[in-house]
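According to Swiss-Prot:
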- 94-107: compositional bias 'Low complexity' (COMPBIAS)
- 189-198: compositional bias 'Basic and acidic residues' (COMPBIAS)
- 218-229: compositional bias 'Basic and acidic residues' (COMPBIAS)
- 243-257: compositional bias 'Basic and acidic residues' (COMPBIAS)
- 298-309: compositional bias 'Basic and acidic residues' (COMPBIAS)
- 361-376: compositional bias 'Basic and acidic residues' (COMPBIAS)
- 122-155: domain 'WW 1' (DOMAIN)
- 163-196: domain 'WW 2' (DOMAIN)
- 94-128: region 'Disordered' (REGION)
- 189-335: region 'Disordered' (REGION)
- 356-376: region 'Disordered' (REGION)
- 357-375: region 'Interaction with SNRNP200' (REGION)
- 11-42: zinc finger (ZN_FING)
């Protein structure tokens, strides 16, 4: 059987971050050491400091939440005061509770029972609040449960002042310049002025201007029909001046009685008067017309283009360029190469042939040949 070595078990110390032998004498010797005891005390102090910091943070957060709740409750009570309602939620008050005073708890319970009975008797008093959506619909909100509904709750009594001043009908202006009336509760719209319509003080000047413009439009429409009588014209002209005092909407009405047997002279005078009134009414309607954010319609007039030749005073370019045929006619110039002969290779005596010197070799040996060494 083969022999083998077995290593001793080791143990890791978390405080000192080192390995020691996993036996009783080694562990006891390490724990009795000064370094190990200092590390243990240091770890305990760190844990204590962390727990204190965590407790401080929790206390700070609880104080912040309490301040937020108090501010929210204060704002809620201010809203209730602004709406003219009584707050049913009491402010939170911190009072020390002791076991030596048992009758106070019973008295508080009796008061709470009485309040609950009162609330059951008058469930809608001071509980429901009426609101209006952005589209003009009315809804009712429960302050206690937070529920909302469209139907009016039983026993609900809103502010009498608000309901008296509240206007159901709203005056508007159509795209054609006619005024109409819109009911915010039922969604109904009509051209005739309702009986219970209450105009706003800020809307009076605009309504007068709209009525003046409507009166001028009605006059222009009535002038197109030749069957209108003189009495109607005077009534319409007088209506333009009196409309500013009393708001009314006039629509086009046809006269049943036709003046077929009138004289031609009176008809001419009537036509002249109608043309004059039309011109003045058109000018008034232009000035009193409601401004359109996209601009007004304009008639496009086509301009006749004249094809007359216009002298642009450009520089003349008659002799500036040469035609391509003239440029190609000359052709490319021919290149002539000259020949040169060498008469002599340099300064030398007459009658002596040129001598070419050979390259000297080192000790009579050629460099290109591989020479055998001296050892061989």
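Backbone N, Cα and C define each Cβ position, glycine as well.
When Cβ-Cβ distances below 8 Å are used as the criterion, the compositional bias 'Basic and acidic residues' (298-309) is approached by no residue of the same chain that is at least six residues removed from its ends.
The compositional bias 'Basic and acidic residues' (189-198): residue composition by secondary structure is 0 helix, 2 strand, 8 coil, according to DSSP. Each residue in the compositional bias 'Basic and acidic residues' (298-309) gets a DSSP state, and the totals come to 0 helix, 0 strand, 12 coil.
Taken through DSSP, the zinc finger (11-42) splits into 17 helix, 7 strand, 8 coil. Summarised as a single figure, the pLDDT of the zinc finger (11-42) averages 94.
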